[in-house]
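Notes to accompany the following structure.
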Amino acid sequence: KQKCTQCNLFRSAAEAGPHDILKLYNPKGNIINISPGLEPNSPNSCYKLEVVAADCNSEPLGAELAGALGFDLSSMEKRLQGLEKKILIEAGETPAVVYEMKKQVDSFQIKLESVEHLSWLGLFKDLSEGTHKPSPFYHKRTLRKTREECEHVREKFLQMSSLEVSEEVRQYLKTPTFDNWQWEDAEIMVLLQVMYTDLDFIATFNIEPEVLQQFLFEVYRRYNNIPFHNFKHCFCVTQMMYGLIWLTDLRSKMDTIDLLIMLTSAVCHDLDHTGYNNAYQINARTELALRYNDISPLENHHCAVAFEILEKTENNVFRNLSMDQYKRIREGIIKCILATDMTRHNEILNKFKSILPVFDFTNKDHKDVLMMILIKVSDISNEARPMEVAEPWLDCLLQEFYNQVLMPEYQFQQYDGLFHFSCHDQYLLYVIFIVMCLVAIFFNKVKSEVTDVGPISFNSSCSIYLSSE
Ligand SMILES: Nc1nc2c(ncn2[C@@H]2O[C@@H]3COP(=O)(O)O[C@H]3[C@H]2O)c(=O)[nH]1
Ligand SMILES: [Zn+2]
């Protein structure tokens, strides 16, 4: 916010092309958010705006720019104005979707904090927001990405995909401290491209850059706009897998094809997740539960969508592989994605523990179990990240769970031959019951019979079991 002739804030901005990726660092060298709350910097402790990925096609700086000042003042001003405008648009006017999400999170927080005080018999549930209750087809209408949104991101991604990502970012990408919240979706796609390149997949399997880009775009498109299981989650899991591969030097222990299986499985592992878990799918007897006979409906679906994407030649990053290689990859990806069903957690973990003392990298079964463990580790690795990265993820997860609870199928279902009532239904039931009692008493007909209603018990998920009486 203050001009500082010492720092290279303006110099970087002046040198940057319109499609370059810039990141802002504080004096300690940590990436910081450009937001209205940003502290002003000073000549002694200045921010650094760095070009982390540069557009190779952009014009080099003219000779005069390298004059006495070391930078072109007018282009610097222009660039700065552009950036300021962007900040205003991004920070000043909150997009409707963010605003709506914030409102929902706030109301959820208030509800959580106040539910006990409002409760009578501990059953109260504020349904004042009943009109927001999604219909059973809610996800079909609103969770999918719009064509405009996809096109916008695709364009940005394609513009950026020719950028040369800096060595610092390439190294940072290998660390478990990587902060996903600093990168937008188009940039994330560039970073995924970097992973495929730096693990030598492009060269080893002769993957054409356009095919990889098209594949990544389709993957981006088929992750829904939901709070947790979205494209950013896909990236985090993939990034953790990538980090683990480098950290444990798996490149020297496993074939490149195994690494390709692991990374691609991570990329595809939650494709088309609608935000409702397997228990929900099974209880609500959804299309997925019916299709997969209640056996890991979600994971089977994620995997099926992955291969549906790969069926199209223009997306098929494995199209230059031999039939045998493709078969091996398909088998590996199916195993890895199906392993992310948490109901199989103990089974997989016990298997891993039993082979651990005799683990052998030349044994295919051992390697398969290791690959399953690594995707599982990556899938639930948010908690292992720095607090400022992990904490928002937990909020996202809670929001997704909360949305599930709002679904009508979740609220009303038959249970063990007894009706399983939602809080709202219980409340109504009580009102009806009391009115009936009053009417009965008023007419003095069944005075003695209504005094004993038999046992009524409640469990923690707010079910009510009425005895046959
Ligand atoms: N409590 C808690 N659960 C998590 C966290 N991260 C992931 N999970 C859960 O672990 C599950 C792993 O599989 P899913 O992706 O289906 O759904 C995930 C969440 O339900 C976390 O940070 N805290
Ligand atoms: Zn996941």
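Keep in mind that glycine also has a Cβ here, set from the backbone N, Cα and C atoms.
What TrEMBL says about a protein is an automatic prediction, not a curated fact.
For His229, the entry in TrEMBL reads active site, proton donor. Shown in sequence order, Tyr223, Asp270, His273, Gly275, Glu400 are the residues of the chain, 6+ apart in sequence, with a C-beta less than 8 angstroms from the C-beta of His229 (active site, proton donor).
The Zn(2+) 1 binding site annotation in TrEMBL covers His233, His269, Asp270, Asp379. For Asp270 (Zn(2+) 1 binding site), the Cβ neighbour count at a 10 Å cut-off comes to 26, with all displayed protein chains included.
Among the features that TrEMBL reports, Zn(2+) 2 binding site is placed at Asp270. According to its DSSP assignment, Asp270 (Zn(2+) 1 binding site) is coil.
The domain 'PDEase' annotation in TrEMBL covers 146-469.
Among the features that TrEMBL reports, transmembrane segment is placed at 427-443.
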Contacting binding-site residues for ligand 1, chosen from His233, His269, Asp379 when the Cβ sits under 6 angstroms of any of its atoms: Asp379
Greatest C-beta neighbour count within 10 angstroms, which of the binding-site residues His233, His269: His269
DSSP three-state assignment for His229 (active site, proton donor): coil
Cβ contacts of Asp379 (Zn(2+) 1 binding site) (under 8 Å, same chain, 6 or more positions away): Val237, His269, Thr340
